[in-house]
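Student: Shown below is the structure under consideration.
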Ligand SMILES: [Zn+2]
């Protein structure tokens, strides 16, 4: 069983540490410029709770967004994007040095079996540049051209030059946008990408298209190995994965699932005021993991509101399954 655990809501963790980020159009990515050590601390917290992959703090970043909201040149903005990778990589190196010492001093096979954690470069939908929570509705899609999506994603793929193990194009709510960025990925054959959809229920992506149609449209040329769902309720993941079993078999797909806790932001748009509301569904999240693995999920983590402790719960669950299958 080859399942890797992804990290959780790093920006939630930053917010929980007392930094108010929800009113900032660069959100947690501002910290790449102002609090790099804090970002490393958050990465290391997830690593210490056992995850196998960490995502760069670049979801809300883009070269044009950093130029606009942090008054940087294009070249400086590119350096900020790449710094997200360097900080993630440094965190892994520092964690791994300590971990190996611990593993050597222990006779635990779980400790000894663990591989060095990997780094995933993270890019959000173009919606993040508008900072209006459009990634949960897709309402922006008629306001942007295909060329704007291509140009923006193309320049933000400079993350790849900093050396990442996966590229996540995530929280995409619109089929058309997913198709456009998937086509662009042909120019980055070594990206090891996943396209991850934001879904509004167990059958539809945020903008309303049927999830299985959206998946079909991005996998049919056979170039994608991973497709994901993220930042939706954990209760939607099983029906979503069930609906794409035909594509799983036809294209040898693996799924990446990192739902949120089920809590949602109370307002239509993000801002300094507001809070997450609704029930925290972590008690239903972890018990569903074996089912997701049976349905083809090979990378599982958490999105908004999931904490390092929640990720530890996933790690324990996956380790338990691995041990029972030995
Ligand atoms: Zn999220």
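Here the Cβ of each residue, glycine as well, is placed from N, Cα and C on the backbone.
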Student: 199, 231, 232: which one does TrEMBL list with 303, 304 for the Zn(2+) site?
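Tutor: Answer per TrEMBL: 231.
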Student: State the count of C-beta atoms found within 10 angstroms of the C-beta of residue 303 (Zn(2+) binding site), not counting that atom itself.
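Tutor: Result for residue 303 (Zn(2+) binding site): 28 other Cβ atoms within 10 Å.
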Student: Quick check on the binding-site residues: of 231, 304, whose CB has the lowest count of neighbouring CB atoms inside 10 Å?
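Tutor: Output over binding-site residues 231, 304: least Cβ neighbours within 10 Å is 304.
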Student: Using the Cβ center of 231, 303, 304 as the Zn(2+) site position, which other residues in that chain lie within 8 Å, going by their Cβ?
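Tutor: Near the Zn(2+) site, the remaining chain residues are 9, 171, 230, 232, 258, 259, 260, 302, 305, 306.
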